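A.B. asks: This is the structure I want to talk about, given as C-alpha cells.
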Amino acid sequence: MDDHLAWLAGIPWYRRPAAAWLLPVVLILATAGGLCMAPKQEILTQLVCHELGLDGRGDMSPSPNVLQHLSLVELVSTAPLNSSAHCRTIPAVQSGLSALQLRMDLAMGIAAVITTGFWGSLSDRFGRTLVLRLGVLGFLASDLCFISVARLPLEQVPLGSNFLVVGALVFGIFGGFATLAAACQAYIADTTPSGSKSRALSVFGGLMFLGFGLGPLLGGNISTHSNNLVLPFYVALGAHVLYALLAFAVLPESVSKARMELAQKEFRRLVEQADADEGRAGAHDRYVAHQTTRACGPLGGARRRLNRVVATAIPIFLMPFQPLALLAPKMRLVLDEPPRTEWTPRESRLHPEASASHISVSRIRQSKRDWNLTLLSAGYFLEASVIGILSPKISYAQYRFDWAPAQLGAYISFGAICRVVALIAIIPLLIKLVHRPKRSIALPHDHVNAVQVLDAEGRILDVQDERDSDRAVGDDAAAEDRHADLPANFAEATGMGTAEPQLGAHGAGATGSGASHSVEDLWLLRAKHIRLLHDSRFDRRLALFSICLYLAGYVGIVFTAGQGPIPFLISNAVTSLGGAAPAAMSSLALALLERETDSGKLFAAWAVLSAIATTVVGPTVFISVYERTTNTYPEAMFVLAMGVFTVAFVFVALVRLRRSHSLPSLPARPHTTASRAAALAAKRKSVESLNANAQDGAQYGSTRSASSSEAGNTSTRSKWRMRPLSPWQARNDDAER
C-alpha cells in the first residue's frame with residue numbers, strides 16, 4: 001500500500017474513500033446539466049424574442065401591450081405552432097441571443113477564475129468534500145433563476161434577461177463546473193495508488209460525457225411530451241438536491257486529518273510571513289512618506305497615497321492567479337553525483353532519493369530551470385480552450401446541414417455517447433493491451449546478487465538460484481557484515497531500520513537486523529520509483545496519441561466539407577477518441593510534482609487554467625472567428641483548432657522525463673528472516689524424514705529409493721524453474737559455487 005493510502009487501513013469499507021464513491025455523484029451532476037441544454041436554449045430564444053417587441057407570432061412590429069402580463073411559458077403555449085421556429089430564424093433574435101449568452105459566459109467565467117484558486121486551497125486545508133458540497137449551491141441558484149424567468153410574468157422579472165446573468169455570476173462565485181471537476185480529480189488522485197491514474201481519470205471523464213449524452217435526450221423528451229419547457233428544470237433541481245444529499249451524507253473524505261493539519265500549518269506560516277513582510281513594508285513606507293513630504297510638500301503626500309492604493313490593488317487583482325505560481329519554471333537542485341560505477345553501497349544507501357517516498361519524474365540538467373510542468377500546463381490550457389468550439393460547431397451543423405432542434409439534440413447526444421464509449425471502453429481496453437508494466441527493477445549499477453522483477457500489481461518477486469539453508473544463512477551474515485559500516489543514526493535519518501519498516505505492508509512479520517530492514521525498504525521504494533517512471537512515459541505517449549486523434553478528426557471535417565453529414569459525424573467520432581488527453585496529462589502532472597502533497601495545489605492551478613480557457617478565451621476566439629467567416633469560409637474555426645492542437649502537441653512533446661538509470665544504485669538485497677526460517681524448516685523436515693526412513697529398516701528400502709529419486713527430480717525442476725533470467729548472473733553464480 002502506498003504511503004498516502006496507509007491511513008485507510010483501519011477504516012471500514014463504507015467510510016473508506018475510493019474513486020467508486022464519485023461514480024453516482026458525477027453521473028447525477030452531468031445528467032442534470034445536460035437535461036436543461038435544449039430547454040435552456042429555447043427559453044433564451046423566446047425571452048430575447050419577447051424583449052425585441054414581438055407578440056409571439058413572428059410579427060416584427062412593436063406590440064408592447066400584447067401578452068405583457070403572461071409568463072414566458074404561457075407566452076409560448078398561447079403562440080401559434082410555427083412562432084418558435086420563426087423566432088429562431090430571425091437574425092436580430094440570433095444576434096441578441098449571442099449577446100446574452102456571451103454576458104452569461106463572461107460573468108460565470110470571470111467569477112470562476114477569481115474564486116477557483118480559493119476553493120482549491122480550501123480543499124487542501126479542509127478536505128475535498130467541503131468543495132463538492134458547497135459547489136452545488138451554484139447549480140441550485142442557476143436552476144432557480146431559470147425557473148423564475150420562465151414562471152414569473154415577464155414584466156415582473158427583475159433586470160429582465162440580465163437576471164440570468166446574476167444566476168451565472170452566483171454559479172461562478174461557487175467555482176463553476178471547473179472547480180467541481182478539479183475537486184473530483186483531486187479526490188481520485190487521493191484515493192488511487194501512485195503511478196498512472198489515466199484509467200481512473202478516463203472513467204471519470206467518460207461518466208461526465210455519459211451524463212451529458214443522456215441529459216439532452218431526456219430533457220427533450222420531457223419537454224416535448226409534457227409541453228412544458230420548465231419541467232426539465234424541476235427535474236434538474238431535484239437531481240441537484242439528491243447530489244447534495246449524497247455529498248453531505250454518503251461521500252467520505254479523501255484527505256487525512258494529518259494532511260489537513262499540515263496544510264493548515266503551512267497556510268498559517270504563509271499568512272504570518274505575509275503579515276511580517278507587510279509590517280516591514282509599512283515601516284519603510286512611513287519613512288519614505290516622511291522624507292517625501294519634507295522634500296515635495298503636499299503634492300508628494302498625494303503621490304504617496306496614490307502609490308499606496310496601486311500597491312494595494314495589484315495584489316488583490318493578482319490574488320486569483322496565485323495558484324498558477326506552482327506552474328512557473330523553478331530552479332531545481334541537482335546533486336553532483338559521481339559516475340554510477342564508482343558508487344559504494346554505503347553512498348548509495350545514503351542517497352536521499354533512495355529512501356524518498358515520492359520522486360519527481362522531471363528530467364532537468366544541473367543548474368537549469370525546470371520547465372516541464374510549465375510546458376505540460378500550456379498544452380493542457382490549449383487543449384481545454386478548444387472546448388469553446390462546441391457552440392459554434394452546433395451552429396455550423398445547423399447552417400451547413402439545415403438541422404432542426406431535434407436533429408441537433410441527436411447530434412449532441414451522438415458526440416457525447418461516442419466520447420463515453422471511448423473513455424469507458426475503448427481507451428481503458430487499449431491501455432490494458434498496450435501498457436506493459438516494467439518487470440525488472442534491478443539496474444546495471446546496482447550491487448545485486450539476484451534478479452529483481454515486478455508482478456502485474458507492482459510487487460517485488462525474487463528470481464534467484466536455489467541455495468541450501470547453510471548457504472542462505474552465510475549470505476545473510478555476509479550481508480550484515482557488508483552493511484556494518486553504516487552510521488549509527490542511519491535509521492533516524494532515513495526513517496527506516498525500526499521494528500516497523502516504512503512500508504510495513506510488504507514486510508509484515510519480518511524481524512531481524514535494522515540493516516536488513518533498511519535495504520528491504522529501499523528495494524520496495526525502488527519498485528515504486530521504477531513503476532512511476534514507466535507509467536509517466538506511458539502517460540506522455542497516451543497524451544500525444546490523443547492529441548493526434550484530435551488533429552485527425554478536425555482534418556477530416558475540413559477536407560470533407562460539403563460532402564454531407566456522414567463524413568462530418570465520422571470525423572466527430574474520431575475526435576471523441578482523443579478524450580484521454582486531459583486524463584493522461586493530469587496523471588503526468590502529478591508525477592512531475594516535487595512533493596506528492598501538492599496535488600490539491602496542482603488541480604487548483606489547472607482549474608484556474610480550465611476556467612480561463614473554457615469560459616473566456618476559447619468561446620471568445622472561436623465564436624469571433626465563426627461570426628467573421630460564416631459567409632466566406634465557415635470551416636476556418638476548424639483550421640484554427642488544428643493549429644491549436646499542433647502547438648499543444650509540441651508543448652507536450654517537449655516535456656523531458658527521467659530514465660530509470662538516473663536512480664541511485666542500491667546495495668544487494670539480503671534474504672529476509674522469513675526466507676531463512678523457511679529454509680531451516682525445510683531442511684529440518686527433510687532430515688527428520690530421512691532419519692525416520694532409516695529407522696524403518698530394509699523393508700522400506702525401495703520406498704526410500706523412490707522418494708530419493710522423486711526428490712532429485714523435484715530439485716532439478718525447481719532449479720530449472722528458478723534459473724536467473726540473466727546469463728551473466730548465471731555465470732557469476734557458477735563461479736561462486
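Including glycine, each Cβ sits where the backbone N, Cα and C put it.
Whatever TrEMBL says is automated annotation, not expert-curated.
What TrEMBL records for this protein is below:
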type	residues	note
TRANSMEM	20-38	transmembrane segment
TRANSMEM	130-151	transmembrane segment
TRANSMEM	163-188	transmembrane segment
TRANSMEM	200-219	transmembrane segment
TRANSMEM	231-251	transmembrane segment
TRANSMEM	371-390	transmembrane segment
TRANSMEM	410-431	transmembrane segment
TRANSMEM	542-562	transmembrane segment
TRANSMEM	568-593	transmembrane segment
TRANSMEM	605-626	transmembrane segment
TRANSMEM	638-657	transmembrane segment
COMPBIAS	688-717	compositional bias 'Polar residues'
REGION	688-737	region 'Disordered'
A.B. asks: Could you tell me what the rest of the chain brings near the transmembrane segment (638-657), counting residues at least six beyond its ends with Cβ under 8 Å?
C.D. replies: 361-364, 371-372, 375-376, 378-379, 382-383, 385-386, 389, 533, 536-537, 540, 543-544, 547-548, 550-551, 554-555, 557-558, 585, 588, 592, 621-622, 625
A.B. asks: For the transmembrane segment (163-188), could you work out the same-chain residues 6 or more beyond its ends whose Cβ comes under 8 Å from its Cβ atoms?
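C.D. replies: Sequence-remote neighbours of the transmembrane segment (163-188) are 17, 19, 22, 25-26, 29, 33, 44, 100, 103-105, 107-112, 114-116, 119-120, 123, 128, 131-132, 134-135, 137-139, 141-142, 144-146, 148-149, 157, 197, 200-201, 204, 208, 254, 586, 599-600, 603-604, 606-607, 610-611, 614-615.
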A.B. asks: Under an 8 Å Cβ to Cβ limit, what residues of the same chain, 6 or more beyond the ends of the transmembrane segment (200-219), are close to it?
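C.D. replies: That would be 19, 22-23, 26-39, 181, 184-185, 188, 192, 232, 235, 409-410, 412-413, 415-417, 419-420, 422-424, 427-428, 431, 579-580, 582-583, 586-587.
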A.B. asks: If we skip the immediate neighbours and take only residues 6+ beyond the ends of the transmembrane segment (542-562), which ones have a Cβ under 8 Å from one of its Cβ atoms?
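C.D. replies: For the transmembrane segment (542-562), the far contacts come to 198, 379, 383, 386, 400, 431, 568, 570-581, 584-585, 588, 635, 638-639, 641-642, 645-646, 648-649, 652-653.
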A.B. asks: Looking at the transmembrane segment (410-431) and the transmembrane segment (568-593), are there 3+ C-beta pairs under 8 A, with each pair at least 6 apart in sequence?
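C.D. replies: Contact between the transmembrane segment (410-431) and the transmembrane segment (568-593): present.
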A.B. asks: Mind checking which residues of the chain, 6+ beyond the ends of the transmembrane segment (605-626), have their Cβ under 8 Å from one of its Cβ atoms?
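C.D. replies: Answer is 98, 102, 105-106, 108-110, 112-113, 116-117, 119-120, 172, 175-176, 178-179, 181-182, 320-321, 323-327, 377, 380-382, 384-389, 391-392, 395-396, 586, 589, 634, 636-637, 640-641.
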A.B. asks: What stretch, picked from 231-251, 371-390, 568-593, has the most CB pairs under 8 A with the transmembrane segment (130-151)?
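C.D. replies: By Cβ pairs under 8 Å, 231-251 leads among 231-251, 371-390, 568-593.
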A.B. asks: Same-chain Cβ contacts of the transmembrane segment (371-390) under 8 Å, 6 or more residues past its ends?
C.D. replies: 326-329, 362-364, 543, 547, 550, 581-582, 585-586, 588-589, 592-593, 605-606, 609-610, 612-614, 617-623, 637-638, 641, 644-645, 647-649, 651-652, 654-657
A.B. asks: By Cβ distance under 8 Å, which residues at least 6 away from the ends of the transmembrane segment (568-593) in the same chain are close to it?
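C.D. replies: Same-chain residues near the transmembrane segment (568-593) but 6 or more away: 185, 189, 196-198, 201-202, 204-206, 209, 358, 360-362, 372-373, 376-377, 379-380, 383-384, 397, 400-401, 411, 414-415, 418-419, 421-423, 426-427, 532, 535-536, 539-540, 542-543, 546-550, 552-557, 560, 599, 602-603, 606, 652, 655.
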